[in-house]
Amino acid sequence: MNISVIGTGYVGLIQAVGLAEFGFDVVGIDIDESKVKALNRGECPLYEEGLEGLLKKHVNKNLTFTTSYKPIKDSDVIFLCVGTPQDKDGNADLRFLFSAVEKIKETIDKEDYKVIVIKSTVPVGTNRRVKELLKDYNVDVVSNPEFLREGIAVYDFFNPERVILGFENLNNKKPIEIMEEVYKYFKDKNIPFVITNWETAELIKYASNAFLATKISFINELAKLSDKVKADIKTISYAMGLDPRIGNKFLNAGIGYGGSCFHPDEVLFIDRGRGLECITFKELFELEDKDNVKILSFDGEKLSLKKLKLASKRYYNDDLITLRFNLGREIKITKDHPVVILEDGELKIKLTSDVKEGDKVILPYGNFGEEREIEIDILEELSKTDLIEKVWIHNKDLATNEFNIIKPYLSNKYPHDVKRNGTIRAKDILPIKEILDKYGSKNRLFTAKSKSTTIPYKIKIDKDFARLIGYYLSEGWISKDYGRNGVVRKRIGLCFGIHEEEYINDVKNILNKLGIKYIEKIKDGSHSILISSKILAYVFENILNCGINCYNKNIPPQMFNAKEEIKWEFLKGLFRGDGGIVRLNNNKNLNIEFATVSKKMAHSLLILLQLLGIVASVKKCYNNKSTTMAYIIRINGLEQVKKIGELFGKKWENYKDIAESYKRNIEPLGYKKSDNFAILEVKEIIKEHYSGYVYSVETENSLLITSYGILIHNCFPKDVKALIKQFENNNIEPILIKATDIVNEEQIKWFFEKIKNYYGNLNGKTFAVLGLAFKPNTDDLRESRAIKLIDMLLESGAIVKGFDYVEKARENTINMYKLDKSKGFYGYNLYVLDDLYETVKNVDGIIITVEYDFNKEDWEKIGNLVKEKVVFDGRNILDVEKIKKLGFKYYGVGR
């Protein structure tokens, strides 16, 4: 039997390889010529355990790939496995499916019998529409939805829990018999076959995934009732699971659904058209427009950009796992997230919970995409802002030579003033701005009629300007002050040590070439260069996105698309500022260090270095009693040190002899290099409880580069939203399905309402909140459930006394509420105390919000201190029987 598989994405490639393993002659068809060529070389674009081995086993034997549809003429069965991506509302995009059907119509003979199998995930009614398109052809259409789980998809293909087959007419045995022959392997293994109609088969796929979410939401909802009637949700879940009609899976209250996910502060790298941006998962989710976002990924040979398919978030109350690797790199993810592991020379997938110390991950390096010359059209960028109203252009030649062309567009009361002084309102020239190109750098922009500081209307990011950006990121800042009548003025400053003459002169020469005026200030051993220009400040802050101070500095997106020589010049300015050369081992060895307090700057620099083949280590620390995290990036290994060391200019001469005197070529420490990636080992695995949102993404190749440049698998998708949309498209309100999301979002509100219902009115009530940070033994308040609950209590008029065992957590809470007085007034309705027993004194209720072992405290003493013996245990941490014997009323979560 000859089989064709149209579409060689995730589903299609596994289907083609699997059928080839069954012994069929299989042709995979895809419109991507480069992918087809790679597949015919045995190169697998997806990372699934066992997939590449099977591909190499069968390719160019009984498995081939092509961009042509001609092979389907000789195929008995044609599988449609093209993508049907969902939009933000859950609608399936069926354009690729129907396009493939049209290609089939153009290729096959109307009289030749074919079985066309739709494996793509499609809405109900799609198979019927396809048959209608093929009504003049001798074909049967079969619905055969896939149930592959990313990370173990090859295993799932060969070991399905059931095979779903939907047909137009169950009395027509021909297509049924053919499909049973195709899947004889499963028949022989006694895998259940469900033979049904089209619509039933289509709905089974969505219903299965959505039901898992519904099951979880059900148990979470039941936990609320359990609280109300004083039952124990843990015992209920266990007992329910013993019933074979129900089963014990997905019955853990409070966990929620949504698959694998990232901590909100983890980062990834996106491209929205200008170049790579370092962005947190939370920030990506909050972007209003994600339609054209691409994600930095890895295609097996090199770094590449892949389209973002989906970004989502969910509430999570369970363990997060931090995987720590060599070189100070790490990632924090949920325990069920798929991790890309290098094993026996192949990339495989493991769930986070299965990862062990010593497992290997990879850091891809090398350039991606097309490098190009980059020019900033400053006038065009300003035209999109209110600042354009205050911008002028000075060009005497333009005003004189082109006056008759310009005159109709002038808003001046006396147009000939323009011809006389050569100064034009920028907004007047916009309709004919192309005329400026004739005069190039003579077009000067400014925002004050004095023309004290002007800049070119376009700036090319050449070697000089790339160095200037680097100097700015290391030594620069943007300040704002106010002149007469409240006029805002902005200045760019760069500050060097007076001994850094080479770097000072370099900056001055660059500015002189651009015709940009500056002033110099020398004081107390420092040499500052100051540029008063609101426009240039806008370029650095808003066009290049460089940031304005050390805390928010970042590498411009444009730099990642620049030519390699430009990248090196940028690094030259960067390392000359905040970089340093360090002698080691009694002056026998060297390494290079770069320090920053900007998290995004650190992550972006690591990626930029990886693009250039440099692999660095990173250390997070607090320097000199600072409360701000610093990132120290270190470069070692002789060849790497020499490459970066030469960027320092004359300073390198003081260290060059040490590098030249190395007795052997010392390789970099902490990793091994392959042709296109570095290999790191898992050194430590840390588990910690987390309550808060986690974020998911899906990319078109299921891979992405995340924090510290690590390659990782994307998240597992869910079908709840798609099913909701199909309900709505059929004018049915999906009450239960919609509720699955709502239940999982409402847990903290429900817990608050539980407290409120006990008292009736919280106004004037005093509560001890035990635990302030988001988890035990930390001072981190981000995503803290305690803080969110405190806000709710304060808004209801309650008085809150907070306590945490960690001193810094207490300090951070005090500082946070002193800065933001919108909800709490520290010292009036909010107090943070250093002693637990002082905290509980005279309170109306105790609320536990963090998983500390409060059982070790003296609850008899606590009972004598409180006004009312009532405990709201948000973590189910206390010994219930012990507490009740002491006279406390106890309220847990589902207990």
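Just so you know, the numbers here start at 1 and follow the chain as drawn.
Keep in mind that glycine also has a Cβ here, set from the backbone N, Cα and C atoms.
Marked as active site by Swiss-Prot on the basis of similarity to another entry: C261. Taken from Swiss-Prot, the feature NAD(+) binding site applies to 2-19. What Swiss-Prot lists as domain 'DOD-type homing endonuclease' is 468-614.
Structure with Swiss-Prot features highlighted.
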residue	record	contacts (Cβ under 8 Å, 6+ apart)
N2	NAD(+) binding site	F24, D25, V27, P71, D74, S75, D76, V77
V5	NAD(+) binding site	G12, Q15, A16, L19, V26, V27, G28, I29, I78, F79, C81
T8	NAD(+) binding site	A16, G28, I29, D30, D32, K35, V36, L39, F65, C81
V11	NAD(+) binding site	C81, K119, S120, E146, L148
V17	NAD(+) binding site	L51, L54, L55, H58, L63, V154
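Among the listed recorded positions, namely I14, C261, the Cβ with the most fellow Cβ atoms inside 10 Å is that of I14. Here the domain 'DOD-type homing endonuclease' (468-614) is broken down by DSSP into helix, strand and coil counts: 68 helix, 44 strand, 35 coil.
Mean pLDDT, taken over the domain 'DOD-type homing endonuclease' (468-614), works out to 94 on the 0 to 100 scale.
On a Cα basis, the residue listed as 'active site' lies 24 Å away from I14 (NAD(+) binding site).
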